[in-house]
Amino acid sequence: MEISALLTSAGINISICIVLLSLYSILRKQPANYCVYFGRRLVCGGARRYDPFWYERFVPSPSWLVKAWETSEDELLAAAGLDAVVFLRMVLFSIRIFFITAIVCIAFVLPVNYYGQPKVHKEIHLESSAVFTIENLKEGSKWLWVHCLALYIITSAACLLLYFEYRTIAKMRLGHITGSASKPSQFTVLIRAIPWSPDQSYSDTLSKFFTNYHSSSYMSHQMVYHNGIIQRLLLDAERMCQSLKHVAPEINCKPSLTPCTFCGGLTATNSFHILSNEGDSVKGMELGEMTMTTPEQERPAAFVFFKTRYDALVASEVLQSSNPMLWVTDLAPEPHDVYWRNLNIPYRQLWIRRIATLVGAVAFMFVFLIPVTFIQGLTQLEQLSHAFPFLRGILKEKFINQVITGYLPSVILILFFYAVPPLMMYFSTLEGSIARSIRKKSACIKVLYFTIWNVFFVNILSGSVIRQLNVFSSVRDIPAQLARAVPTQAGFFTTYCFTSGWASLACEIMQPMALIWNLVAKAVSKNKDESYETLRFPYHTEIPRVLLFGLLGFTNSVIAPLILPFLLIYFFLAYLIYKNQILNVYITKYESGGQYWPIFHNTTIFSLILTQIIALGFFGLKRSSVASGFTIPLILLTLLFSEYCRHRFAPIFHKHPAKMLIDMDRADEMAGKMEELHKKLHNVYSQIPLHSQRSSSKGECSTPLANQELPDPEKLKPEEGDAIAKELWGYQGNESGQEHEDKSCPSASTPEHRTPTMIELHKRS
C-alpha cells in the first residue's frame, strides 16, 4: 500500500473524529439529550436539574475531557465497580507498553528499515509502505541486532508491567471479596440436576438430602420454578408500566390538544382513563400470590443457603454423590446476576449445547472467510488487475484508487463485524450460563477468538493467496510464512486502526442509536417525560478490540513500526472516552469481580510469543543466525513467566480463599451480624423480586458523583457552569433556575389510589 492511500484514510477518519467529537461536546449540553449522555447520573438521582441557557451551550468545549482525566481510580471504583477499573487498567497498560515500544522502534528500528538498502528514496507520500518494514533490509544485514535488541526491550517491559498489574488487580480482587461481606451469594450454593423421585417433590428430595448429609451447616433452600404464564403476564405488565410512563397525564389531569407532528391537526394527548377506584381492580392480591409454586412447576434446581460462607464454599467444591451428573453444585451468583431462563435447562443437556455452540461458532468463522477474502481483494487491486483487466480503468483514477485500497476495505470489514457480538452472545446464552456476567465473559472470549482469527490470520492467509505466495506447507514453515506475510499487511492494519479504532471511539461517545431514538421519541410521539433506558458497558466487544490492537502493535513493532504512533493515539483517546462513558452513560448492575484480567493477560502473552515467532522467521529469512539464536531463549523465558503467573495469580480469580471467608465469618459472629444476614437470605433469590430487591439491584450506582448539590447556574460564570451545571438535566421553561416541583392532582399515579399489585408493578417500572 502506498503512503498516499494511508494518508487518505487517515485524513477521512480524522475528519470524522473531529466532527463527531465536536458534535458531542455540543449535544451533551442540550437538556433534551441528557438522558442519552448522562443516563447513569440520572438513574443514580440526587442531582438538581437546571436549564442553563447561554451561548456556550452551542460552542464545542473540552470540559468533558478534563472531567474524565481528573476522576481518580477510587471514584471510578465506587461509581462502576471492579470490572470498569480493570478494563481501564487494560487501556493504561496498553498506553505504557506502546509508549515504550514506540520510542524504541521509531527511534532505532524505523530508520534501520528505511535505509536498509542503498537506493534513492522518493518523497514520503509517494513511497510504498514496504520501505518502512523489515523487508527493506538486505539479506545478512548486520543491523538485525537492532531488531533483536528491541524485541528484548519490548518483551522485558511487557512482562514487568504485566506482573505488577496482575499483582495489583489480584489484591483488588481479594478486596472485592472482603468488601462484599453482606452479599448473599457467599452463603448460597446453586444446585442443579436434583434426582427425580415419583414419591416426593424436588423440594422434599433436596431437603431430605441436605438434612441428612449437611445437617450442621444446611439452613434452608429456594426452589427454581418453571417460567409459566403468570411470570410472562407480570413481565408484560412491567413493560406496559414502562410504556405508560411515556404517556403521563398533564398537571391538571385534563385532556389537552396538541398539533400533530406530520399533518398539523389537533390530537388528544391523554388516551387513557384513570381508574382511581379500589373496587375497579383486584383487591388484596399480593405479588407473592401471583407465582405458581406448585410441585408440578418445580425445576431440578435450587438455591441452598448455608450458615457460614465457609460451609457454602465447601459444599460448592466437593462432589455430592458418586454420579457427577447429579447434585451438581456451584457458588451462586448475585441475585441480580442470575440468568433465570437458563436455570430451567436440564444439566445433562449442557455438554451437548456447548459442543453445538462450538460447532456453530467455527462454522461461522469459515463463512466469514468470504467477506474477508473480498476485502483483501480490494487492497490488492494491482495484483487482481492482471486477471481482471477491467480493473485497470479504476486504478487510473488516483484518488478513487486511494479510497478503494486505503479506506474502503476496513470500513466494509467493520460493517460485517457488527453481526459478530450479538451472535456470540446468543451462542453464550445457548451454552446455559447461570449468570449474566458469565454469559458476557463467554461472549467476550468468543468475540476475541473470532476477531483475532479473521482480522489477523485470515487477512494474512487470503492476502498471501491473492499475491500467489506459498501458503503454509508444513509446521516448520509457519514462522517464515508469517514473516513474509505480516509486512505486506502493515498498511491494511494501519487503516483498520484508523477506522475501527479512532472512528469507532467517536461513534461510541456520540451514541448515535440512542440519540436517534431519543429524538424520535420527543419529535414524533411528543414524549415530554424524562425517561431513559440504562445501558450496560459492552465488555464483550470493547475488550476484544483493545486486545486486537495490542496484538497488531506487538506483531508489527519490529516488523513495521509505522503503526505504533497511531495505536498510541487510539489508546489515549480510548482511555478518556471509555472513562467518560463509564462515569456518565453506563450503569453497573452486575459484574464478574475482575475476571476479565486473566483473559487480557493470557492474550498479551500470546501476542508476545507470536511476535517472537514472526521475528524468528524473519531472522531466518534474512540469514541472521545470531539474532535467531538469541530469539529462541526469549520465547522460552516468556513461557516460563506465563507459567509462573498462572500458578501465582490465576487461582485467585477462580476460587475464594478459605482463610479469608473463615475470618469474615468469625468477624460477623463476634459483631452479632450473622443472624441478620441469615434473615436476608430467604427472599433474595426470588424469580419475581420484590421492590426492595429490585431497588437494591439497581442501587449499584451509589457514588460520590451521584448525590451532588449544585449551585444556581445563573449565578455561575460561564466557564464554571460549563463544567458543572451544563452537564445536568434542565427543565425547559424554568427560567429562575429553581428546582422544579411537580404539582398534580390525585390520580392513579399516586400511591393512595392504587391496588397493592399496581403499587408493586409501578415501583418495579
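Residue numbering: from 1, along the chain as shown.
Backbone N, Cα and C atoms are what each Cβ position is placed from, and that goes for glycine too.
In TrEMBL, annotation is done automatically, which means it is predicted and not curated.
Residues or ranges marked as compositional bias 'Polar residues' in TrEMBL: 691-706.
The feature compositional bias 'Basic and acidic residues' is assigned by TrEMBL to 712-725 (among others).
What TrEMBL records for 751-765 (among others) is compositional bias 'Basic and acidic residues'.
Residues or ranges marked as domain 'CSC1/OSCA1-like N-terminal transmembrane' by TrEMBL: 5-165.
Feature annotation from TrEMBL assigns domain 'CSC1/OSCA1-like cytosolic' to 186-342.
Annotation comment: TrEMBL describes 353-619 as domain 'CSC1/OSCA1-like 7TM region'.
Annotation comment: TrEMBL describes 691-765 as region 'Disordered'.
Distant neighbours of the transmembrane segment (6-27): 33, 36-37, 57-64, 125, 129, 399, 402-403, 406-407, 410, 491, 494-495, 498-499, 502-503, 505-507, 509-510, 515, 566; these residues of the same chain sit at least 6 beyond its ends, with a Cβ under 8 Å from one of its Cβ atoms. Positions annotated as transmembrane segment by TrEMBL: 6-27 (among others).
Same-chain residues lying 6+ beyond the ends of the transmembrane segment (97-116) with a Cβ under 8 Å from its Cβ atoms: 131-134, 136-138, 141, 143, 146-147, 150, 153-154, 157-158, 161, 550, 553-554, 557-558, 560-562, 564-565, 567-568, 571. Under the heading transmembrane segment, TrEMBL lists 97-116 (among others).
Counting residues 6+ beyond its ends, the transmembrane segment (143-164) has Cβ neighbours under 8 Å at 93, 96-97, 100-101, 104-105, 108-109, 112, 116, 134, 137, 554, 557-558, 601, 604-605, 608, 611-612, 615, 618-619, 622, 624, 626-627, 630-631, 634, 637-638, 641, 645 in the same chain. Per TrEMBL, transmembrane segment is recorded for 143-164 (among others).
Annotated transmembrane segment per TrEMBL: 355-379 (among others), in sequence order.
Residues or ranges marked as transmembrane segment in TrEMBL: 399-427 (among others).
Listed as Cβ neighbours of the transmembrane segment (447-466) (distance under 8 Å, sequence separation of 6 or more from its ends, same chain) are residues 361, 364-365, 368-369, 372-373, 375-377, 379-380, 383-384, 413, 417, 420-421, 424, 481-482, 484-486, 488-489, 492, 496, 540-541, 543-545, 547-548, 551-552, 555, 599, 603. What TrEMBL lists as transmembrane segment is 447-466 (among others).
The feature transmembrane segment is assigned by TrEMBL to 558-578 (among others).
Look at TrEMBL and you will find 599-620 (among others) tagged as transmembrane segment.
Residues or ranges marked as transmembrane segment by TrEMBL: 626-645 (among others).
Counted over residue pairs 6 or more apart, the CB atoms of the transmembrane segment (558-578) and the transmembrane segment (355-379) come under 8 Å in fewer than three pairs, which marks the two as apart.
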